[in-house]
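Now, the feature entries from Swiss-Prot:
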BINDING   Ala8, Tyr9, Ser10, Gly11, Gly12, Leu13, Asp14, Thr15, Ser16, Gly116  ATP binding site
BINDING   Tyr86, Ser91, Asn122, Arg126, Ser172, Ser181, Glu257, Tyr269  L-citrulline binding site
BINDING   Thr118, Asn122, Asp123  L-aspartate binding site
Amino acid sequence: MVKKVALAYSGGLDTSVCIPILKEKYGYDEVITISVDVGQPEEEIKKADAKAEKISNKHYTIDAKEEFVKDYIFPLIKANGDYEGYVMGTSVARPLIAKKVVEAAIKEGAVALAHGCTGKGNDQLRFEAVFRQTDMDVIAPMREMNLTREWEIDYAKEHGIPVEVTKAKPWSVDENIWSRSIEGGKLEDPSFVPPEEIFEWTKSAEDAPNEPRIVDIDFEAGVPVALDGEKLGGYALVRKLNEIAGENGVGRTDMIEDRVLGLKARENYEHPAATVLLAAHADLEKLVLTRGELKFKKIVDEQWSELAYYGLVDEPLYADLNAFIDKSQERVTGTVKVKLYKGALTILARSSPNALYSEDLVSFDSQTIDQKDAEGFAKYHGFQARMYRKVMEK
């Protein structure tokens, strides 16, 4: 019987060297590679396909772009998804990729699932949270063999596998429609200033246009549906906003991130559309949700973000949180106007048919509310503090 292993394949160095390793070191007869398109550059997909066709036994490329936006990015927006300032593009993509790999593995009759993640990062956990829901063996060559980037480069050359990274510029890039991450090499030193060459989606503030770009974003039930009045599908909307915001230098993050294992890591990200959509959505929520809803939802959003970052999207709690979030978003419909200028994002205005805001009630010129009615409330505001003071002064 032919022993098959299904490998989550990106076309990069790590997953490419996994192919001969799985045969030579682990004894598998065939390696089935699966690439999942969640918005990577088309050229990257083509390169991965071409490389896999040469070095794997069978290759799948699965288009999951629309599914990724609809089922993973839109829930993230509704939850104001944020982990320590990170918009979690890689985090929410991994479970979807893992599920597609499992589907292909079952179709091919594979007995094992493999990934190219290291033992120091988060992705190993995100993949395996899905992989280990099956009865198939799970293999992680990078982790199990304790491989280094330098060793992989040499090994790839020995096996005729083309590599684009070098020992001098060994940073790793992961990209999907929501974010682009750049890490590794000299970037691991938190005191190292990243060279401008690592950025592709965003212009520097210095090179951004000298005129601001104003954008109107329409939301329906917490989900963005239009830019400047033009209705767009989810993937198309995020892609277009990436271009607009990135051109104006919006959407860069350089941060120290606490990984799941407890390690601190220096990470560089680009996420133009994510920056704009999350800010606009949160602003619209303030217009339509009650104070109590906003206060409680912050707790829910934080818990949701942690589960999403950890890759635990199949946890019952994750579904419970989504149920509350979805209910809260029923009224989050309206338009937010934003200004993008040389790396800065400014909310200019917002409107909603469900706004709890009343200009008439809050206006200094309005007499709709008799200000004297507030006197009774004011007398008892801070009442317990006054009682406490009297007790302490006895």
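Positions of Cβ are set from backbone N, Cα and C atoms, glycine also.
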Can you tell me how many other Cβ atoms are located within 10 Å of the Cβ belonging to Ala8 (ATP binding site)?
26
Entry from the binding-site residues list Ser10, Thr118, Asn122, Ser181 having the most other CB atoms no farther than 10 A:
Ser10
Cα proximity to Ser181 (L-citrulline binding site), best match among binding-site residues Gly12, Ser16, Thr118:
Gly12
What are the other residues, in sequence order, whose C-beta lies within 8 angstroms of the center of the C-beta atoms of Thr118, Asn122, Asp123 at the L-aspartate site?
Cys117, Lys120, Gly121, Gln124, Leu125, Arg126, Arg259
Taking the centroid of the Cβ atoms of Ala8, Tyr9, Ser10, Gly11, Gly12, Leu13, Asp14, Thr15, Ser16, Gly116 (ATP site), which other same-chain residues have Cβ within 8 Å of it?
Cys18, Ala48
Only counting partners 6 or more residues apart, tell me which same-chain residues put their Cβ under 8 Å from the Cβ of Tyr86 (L-citrulline binding site).
Thr253, Met255, Glu257, Glu267, Tyr269, Tyr309
Near Asp14 (ATP binding site), meaning Cα within 10 Å, which of Ser91, Thr118, Asn122, Asp123, Arg126 (binding-site residues)?
Thr118
In three-state terms from DSSP, label Ser16 (ATP binding site) for me.
helix
Do me a favour and check the Cα-Cα span between Ala8 (ATP binding site) and Asp123 (L-aspartate binding site); whole Å is fine.
12
Below 8 Å Cβ to Cβ and six or more residues apart, same chain only. Which residues does that give for Arg126 (L-citrulline binding site)?
Ser91, Arg94, Pro95, Ala98, Tyr310, Gly311
Calculate the distance in Å between the alpha carbons (Cα) of Asp123 (L-aspartate binding site) and Ser172 (L-citrulline binding site), and round it to a whole number.
14
Where among the binding-site residues Ser16, Ser91, Ser172 do you find the Cβ with the fewest other Cβ atoms within 10 Å?
Ser172
Find the shortest Cα-Cα separation between Ser172 (L-citrulline binding site) and the binding-site residues Ser10, Gly12, Ser16, Thr118, and name the residue that gives it.
Gly12
Recorded L-citrulline site residues Tyr86, Ser91, Asn122, Arg126, Ser172, Ser181, Glu257, Tyr269, farthest C-alpha pair in Å:
19
